[in-house]
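According to Swiss-Prot, the protein has these features:
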- 1-40: region 'Disordered' (REGION)
- 1-16: compositional bias 'Polar residues' (COMPBIAS)
- M1: N-acetylmethionine (MOD_RES)
- H185, H187, H253, D284: Zn(2+) 1 binding site (BINDING)
- D189, H190, D284, H343: Zn(2+) 2 binding site (BINDING)
- K256, M260, A348: deoxycholate binding site (BINDING)
Amino acid sequence: MDENESNQSLMTSSQYPKEAVRKRQNSARNSGGSDSSRFSRKSFKLDYRLEEDVTKSKKGKDGRFVNPWPTWKNHSIPHVLRWLIMEKDHSSVPSSKEELDKELPVLKPYFITNPEEAGVRETGLRVTWLGHATVMVEMDELIFLTDPIFSSRASPSQYMGPKRFRRSPCTISELPPIDAVLISHNHYDHLDYNSVIALNERFGNELRWFVPLGLLDWMQKCGCENVIELDWWEENCVPGHDKVTFVFTPSQHWCKRTLMDDNKVLWGSWSVLGPWNRFFFAGDTGYCPAFEEIGKRFGPFDLAAIPIGAYEPRRFMKYQHVDPEEAVRIHIDVQTKKSMAIHWGTFALANEHYLEPPVKLNEALERYGLNAEDFFVLKHGESRYLNTDDENF
């Protein structure tokens, strides 16, 4: 499939004082503490698109999707060229495999050594970071992937374009049985053609794909038949697991794969709402008011996967990619108890030093009165089990 992609870009909002952060955290904990409240939270058969105070997807006069918030700004071709030509690249990714193995080790995921342990069947939740925005989530008797990319390059061609400097921790053939895949948008580092083909070849119609509005035709051309295409605030489920609701929720970004298809496909985040756990996947996003809306409707979440990388230079990137401080604000806005860092340490997509995002994240957490366990960073291939049923969680 011959495809091409360019980059665009984005205003920081007001800061939260530490007291406000603690107040919102306490509110989130109090609203989801007891067993009875955890099970009573499953009441999602409302159509949130009918609510007056939710931000609905919007199209311009040309019929293409647009970001509906003042926090978005389109960049012209001269702005893109200035970034590509004039801005200094500080990423400094070493060519030495030994140095990379020391700084960013790639672990063998637990499910390769002990495949029989895959699948959390109790009330807990387990996540495994497979690099970039690819996360394997096990919760509420389901296993699903977010934005799977197992290829060496995030590009229409495996001979050019952004190349991984950290390999994927596993192959698709080594994955446990996957029930669903969540796609946030159609950029090459989030929607990888080769990974889609390989996942479909392995799992076929047993695998349900949840994709944004406008992507159904592309998925069907790849041979995928079990595809659910959703607008913001629409929901669906995996057959046989109707107690777990997948809601496509807003984010601030853009879409493009070819020269002429700008924003013909919607972009967004995902809220996964189960009887025991709630998971939020931010996808790729700039900071915007949508996250408070999501937290208001579906919070508190037990875990969120939030991007922390590809943010420099800010005057170009801020509209489409949050920096670590804005990632912490999303953590607060969606009312999540824990967050994990994604979208860093895999591809050099922007100009910050390749090891800077976790450092900036810890600095931001300290400013907001949070600790590293509230918003944690995993190694490639590393898993984290969260006992979400523990009253102290």
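Note: Cβ is positioned from N, Cα and C throughout, glycine not excepted.
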Next on the checklist: Nearest by CA distance to H190 (Zn(2+) 2 binding site): which of the binding-site residues is it, out of H253, D284, A348?
Outcome noted: D284
Item to check | Number of other Cβ atoms within 10 Å of the Cβ of K256 (deoxycholate binding site) across all protein chains | outcome: 21
Checklist entry - Closest of the binding-site residues to H187 (Zn(2+) 1 binding site), Cα to Cα, picking from K256, M260, A348? => result K256
Checklist outcome for this item: Counting every protein chain shown, other Cβ atoms within 10 Å of the Cβ of H185 (Zn(2+) 1 binding site) number 26
Checklist entry - If you count the other Cβ atoms within 10 Å of each Cβ, which of the binding-site residues M260, A348 comes out on top? => result A348
Checklist outcome for this item: One finds that other Cβ atoms within 10 Å of the Cβ of H253 (Zn(2+) 1 binding site) number exactly 28
Item to check | Integer Cα-Cα distance in angstrom, M260 (deoxycholate binding site) to H185 (Zn(2+) 1 binding site) | outcome: 16
Next on the checklist: Please identify, among the binding-site residues D189, K256, A348, the one with the smallest Cα-Cα distance to D284 (Zn(2+) 1 binding site).
Outcome noted: D189
Item to check | Cα proximity to H185 (Zn(2+) 1 binding site), best match among binding-site residues K256, H343, A348 | outcome: K256
Checklist outcome for this item: Note on Zn(2+) 2: the CB centroid of D189, H190, D284, H343 has further same-chain residues inside 8 Å, namely H132, A133, D147, S184, H185, H187, G283, P307, A310
Next on the checklist: Other than H185, H187, H253, D284 themselves, what residues in this chain have Cβ atoms within 8 Å of the centroid of the Zn(2+) 1 site's Cβ atoms?
Outcome noted: S184, N186, H190, S251, W254, C255, W267, G283, T285, Q320
Item to check | Number of Cβ atoms other than its own within 10 Å, given for D189 (Zn(2+) 2 binding site) | outcome: 25
Checklist entry - Between H190, H343, which of the binding-site residues has the fewest other CB atoms within 10 angstroms in the structure shown? => result H190
Checklist outcome for this item: As a whole number of Å, the Cα atom of H343 (Zn(2+) 2 binding site) is distant from the Cα atom of H253 (Zn(2+) 1 binding site) by 14
